[in-house]
C-alpha cells in the first residue's frame, strides 16, 4: 500500500555515482556545472582547483621586517637632518672599464701601472708639498690663468729622481707682464675719467645752487615813488577842494578875485 506503483528506483545517495554523470550523453544539456564532472573544452583537461593549492613560500622579508627597516631609515634621516648624526658618504670606486680607459689615455698597459700611481684631477691637492710652483707659474696663477700641476711622481721617491735643468722663460711668459701693465694703465685711465666726470658734476651742481639762490633771494626794496593816481586831474581837484575847505571864506574870495 505504501510502495510506489511505478517501476524503477527514485534514486538516493547510495545509488548516485559521478561516473554515470560524466558518461551521460545529455550532460552538456544539464543546468549548472560541477568540478566533479567537467563539461566542454574549457573544463576538460584543465586544473580547475588551481586557486585552492598552496603557493610557493615568499623568499623576501616579511611585512613586519620591511616596516621596521623603513622606520629605522626614517629615524636616521631625521637625526641627520637635525644634525645629531654625521652622514657617511661612501666613496665611488673606479670600475674596470674606467681603469682601462685611464690606462689607454696614459699610453701604457693596465698591468704595469697601479691605481695609486695614476694622478687624476684631484692629485694637485694631495701632492701640493712635493710640487713647487715656479715664479712664472705663480704670476700666471695671480692673473687667473691655468697652471699645469700634473707631474709624474716616480715610485723611487723625490730624492733619487734626477733634477731636471731649469727651463728658460719663454717669450709667452715675457709677454704676460706687458699685458698686465697694459691692463693697469687701462684701469688708471678709467679711474681718471671717472674722477673728471665727478668733478664736472660737482661744478655743475654748485652753479645750479648759486643760480637757484640768486633767483630765490628777495629783490631790494625800490624807492617809493608817488602814485600814478596823484598825478591824475581828479586827485588834483580833490586836493584843491580840501585846501579850499580848510581856508577862511574871506581868503577864498580874495583868491577868486585875484584869479579873475
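In case you wondered, yes, glycine gets a Cβ from its N, Cα and C as well.
As the structure is a computational prediction, the values presented were derived from the model and not from experiment.
According to Swiss-Prot, the features are:
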type	residues	note
COMPBIAS	1-11	compositional bias 'Gly residues'
REGION	1-21	region 'Disordered'
CROSSLNK	22	SUMO2 cross-link
CROSSLNK	104	SUMO2 cross-link
COMPBIAS	106-116	compositional bias 'Basic and acidic residues'
REGION	106-133	region 'Disordered'
CROSSLNK	113	SUMO2 cross-link
COMPBIAS	117-132	compositional bias 'Low complexity'
MOD_RES	123	phosphoserine
MOD_RES	127	phosphoserine
REGION	146-260	region 'Disordered'
COMPBIAS	170-182	compositional bias 'Basic and acidic residues'
COMPBIAS	183-206	compositional bias 'Basic residues'
MOD_RES	215	phosphoserine
MOD_RES	216	phosphoserine
MOD_RES	219	phosphoserine
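Structure with Swiss-Prot features highlighted.
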residue	record	Cβ contacts under 8 Å, 6 or more apart
22	SUMO2 cross-link	37
104	SUMO2 cross-link	none
215	phosphoserine	none
Helix, strand and coil residue totals from DSSP for the compositional bias 'Basic residues' (183-206) stand at 24 helix, 0 strand, 0 coil
